[in-house]
């Protein structure tokens, strides 16, 4: 075996046993980036990664695959307060961090900010043992306890780069800044927050602490995005029932000062200036739920044009908060069209569509046979050649499938869609009082949450069943 190049630093070599620092000196590029203590992660944590990422001369053919993730020019950023970890046993169905992993996959989220994460080193090790191949987690916990507050930033390893990440704790258990090369040379800085909810004074002090941190660290980049549970609303329209007048609030004033300093704006409110939507539901006496838009995403004013798909939606995780999300793109991102239409998966079992395709297929087969016979008899090229007949066949079944897709919808999904439309109508109808609006929204919100949780559980059951069937078989799923 060839022992030249870097082969002598791998486990196949008997000539020299190099330490990680010696390996890093031989490969000053990405390896030094990984082992740099200034990145906010101790270099010892990357010892195994450094050794594993080196090219290895197991065969005479050099492996040119660098393992670099091919990322897209846009990324989905989201925030959700999960209200604790649920059952502390990571293998228990009620442990919320396994559901976070499912949420990243289903919603195609690149970066997720998790409020009330309740993480500590032991819990992080347990989560990483199961999800390390899919998630990279950075967190901060309160100094006195990990069972309150806490915030985490989760990177989806399938959608964003996780190397060279810089992390700075600003307020223990409440604020953390993360810098990452999410796509090529594009650098993205996020400020993840979970503001205190114990008092208005504590909330106001929290925003002041963040402002003071940036004043003490002028060389640190200012955030492109600030997101999380702010535990305060800025406008009366963001409450249900809506108060008749805005009252003075020192927390709002402190938040405004921070926004002005960092040049941040509320992207969802700028996109929907007159709409109402809420992210937090609180039950009061009598069963009437009061709602507010506590969870928000702020972006730099100059970056607002590079955002799209601002959304607020209910998730399958048991919590009293809804998830906020936005798609963030870089300036050099190419213009992308609508793409090629594809059938929804539930259409594969539609009998009407199957019958139509079968009949059209038989007709196509007859036309092709007739065209071939005519070509042999007349020795000429027919207008209806097999290629054009095949193209027409595909166009006909696609047109029919589009019509069926508007009719055939899974019952559960149809119920969810109908409820979301009703909620949006109630939220933005002007002809009813706030008390009546609140009374109507409460049962709709509860029913929607239950349906989405049911869909979430069904998906988990399907994935579990498939894993039991194919998890240990040589197949595409296993690989």
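Any Cβ shown, glycine's included, is placed from N, Cα and C.
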*asked:* If I go by TrEMBL, the feature region 'Disordered' sits on one of 1-29, 30-58. Which?
replied: 1-29
*Which is it, of 374-401, 402-429, that TrEMBL names as coiled coil?*
402-429
*Can you pick which of 116, 352, 359 TrEMBL lists for the same Mg(2+) site as 81, 229, 231, 320, 321?*
116
*Of these recorded positions, 229, 295, 320, which scores lowest on Cβ atoms within 10 Å?*
320
_For a quick check of understanding: among the binding-site residues 81, 231, which residue's Cβ has the most other Cβ atoms within 10 Å?_
81
_Set of same-chain residues at least 6 away whose C-beta sits under 8 angstroms from residue 321 (Mg(2+) binding site)_ = 80, 81, 82, 83, 115, 229, 279, 280, 294, 295
*Number of other Cβ atoms within 10 Å of the Cβ of residue 116 (Mg(2+) binding site) across all protein chains*: 22
